[in-house]
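S.K.: I have a structure here, written as structure tokens, and I will follow up with some questions on it.
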Amino acid sequence: MHRYLRQSLDNIFKKNREWVSTKTSGDPGFFDKLAAGQSPDYLYIGCSDSRVPANEIMGLEAGEVFVHRNIANLVPNVDLNVMSVINYAVRHLHVKHIIVCGHYNCGGVKAAMTSADLGLLNPWLRNIRDVYRLHERELDSIPEEDKRYNRLIELNVIESCRNVIKTAAVQQSYEKNQYPIVHGFVFDLRDGLLRDLEVDFEAMLQDVKKIYCLSPSAKK
Amino acid sequence: MNVTGLAGRPGFMARNAVARSAVGPRSSLPVPRVSPFSTSTSLSCVNHKPGSANPSDSETNRPGSLADKYSAGLRQNKDWAANTARDHPDLFPTLATGQQPQILWLGCSDSRCPETSMLGLQPGDVFVHRNIANILHPGDLSSGAVIEYAVKHLRVKHVVVCGHTSCGGVAAAMGNKELGILDPWLLPLRQVRERNLPLLQSLSPEEAALKLVELNVREGLSVVTQKSAVLNAIQERGLQVHGLIYDVGSGVLRELDIQETEESLRARLVAFKTDN
């Protein structure tokens, strides 16, 4: 058992060195540029699911996207973890786009559609049940469970986008700089394609600001 | 820095199309199969007009240039899919059975630290949580839910806490500037700084920052191994925990020596292990 686990890790260091060789043979200065600092254009908020690696699905290189991943790509209003990520990405890195990316077949969303007690996971997944309650009429009108499941995954992304827009950092930066723009994507595991949910950022921002406005000048 | 639209990035969506076969048809293990949603894929995310302050947008977001990149990506995708299937014949059939990652990765959000790429691994291999400065707060529900799900439900074999050189969060905690909501998040780093103040003050600023990166990884591992789910998995099925430091200036991972004495391991089990 232990020898097997050891071998598995040795393999990782070997692959890491192969990756380094690939990068430096294509561009000898690749890591020198990264050592100088990061200035990513994108913040990606996605699911921890191993099948949805941020850089790979978007074809982006090291240095191009700042990444936060949690169970079911949630942006809970009181989660200090994700709020710190958004704050740092917007106020310090000045990202131009924030991508909230969900994926079909999401185990977290599925768990939130079942009546199981999952212990420590309950409070986290309850956020998804809240999304269901917010869109209860629409979801209840979908007779097929598969389609209802997919729609909840999409609505969960859209509500996460809304929560991103509720932050002072996003509202104030957009007012001053016309960025960041918030996007909602869904990744389809079956064909590897990203689908843009076409969140209308400006309309959502205006809608959110009616109650959640945190940019003082807008109140004039 | 120029403002660049998503679609303006060279082949942003097209490069996604290239990646399509990496994650071929499959369903999730804990989740029943669902019917395909829709085969129509919106390739444009240019439905926003950030305004005239960003002159580059009108140039780079033209649908025409995007379509060209998309066509090129689709062509390249055919070669890539063939190459991947040849190099990794087991990949697609394995992924079709669902998610069975061996590794839980707890790392930094920093854009220079893409875990799956730097490990040379494939989609399906690494379950990931990344936050500011790879800090693990004992009561944080977000990382707590990730660890619980990965260890108990996915039964990963390795838990990795990975810090990195030139970490902005560590630099912030070595300074004394008020940072609003980031301050409570960075608090554990300042606690480590306080506990190791004489050591850190004896080093050059660069050495001190790197030392705090290392101490932060050790602190994170300590929090991880205070969780009963992790302790149970270590005892019952040989789950391993690892501390790594990634050098953003060379791309190389270094493993920390995290040997624990029998005595401290026993104390940890007595104090933190709970049974259901």
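Using the three backbone atoms N, Cα and C, a Cβ is placed for every residue, glycine included.
Residues or ranges marked as Zn(2+) binding site in TrEMBL: A:C47, A:D49, A:H103, A:C106.
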S.K.: What count of other C-beta atoms do you get within 10 angstroms of the C-beta of A:C106 (Zn(2+) binding site), across all chains shown?
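M.R.: There are 28 such Cβ atoms around A:C106 (Zn(2+) binding site).
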S.K.: Binding-site residues A:C47, A:D49, A:H103: which sit with Cβ under 8 Å of a chain B Cβ?
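M.R.: Only A:D49 pass the 8 Å Cβ test.
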S.K.: Per DSSP, to which secondary structure element type does A:C106 (Zn(2+) binding site) belong, with helix, strand and coil as the options?
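M.R.: Note: A:C106 (Zn(2+) binding site) is coil by DSSP, not helix or strand.
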S.K.: List, in sequence order, the residues of the same chain other than A:C47, A:D49, A:H103, A:C106 whose Cβ lies within 8 Å of the centroid of the Cβ atoms of the recorded Zn(2+) site.
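M.R.: Neighbours found: A:G46, A:S48, A:R51, A:V52, A:A72, A:N73, A:G102, A:N105, A:G107, A:G108, A:V109, A:F187.
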S.K.: Would you mind checking how many other C-beta atoms are within 10 angstroms of the C-beta on A:H103 (Zn(2+) binding site)?
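M.R.: Neighbour count, Cβ to Cβ under the 10 Å cut-off: 26.
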S.K.: Can you check what DSSP calls A:D49 (Zn(2+) binding site), collapsed to helix, strand or coil?
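M.R.: A:D49 (Zn(2+) binding site) sits in coil per DSSP, no helix or strand.
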S.K.: Which number gives the other C-beta atoms within 10 angstroms of the C-beta of A:D49 (Zn(2+) binding site), all protein chains shown included?
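M.R.: So the Cβ neighbour count for A:D49 (Zn(2+) binding site) comes to 28.
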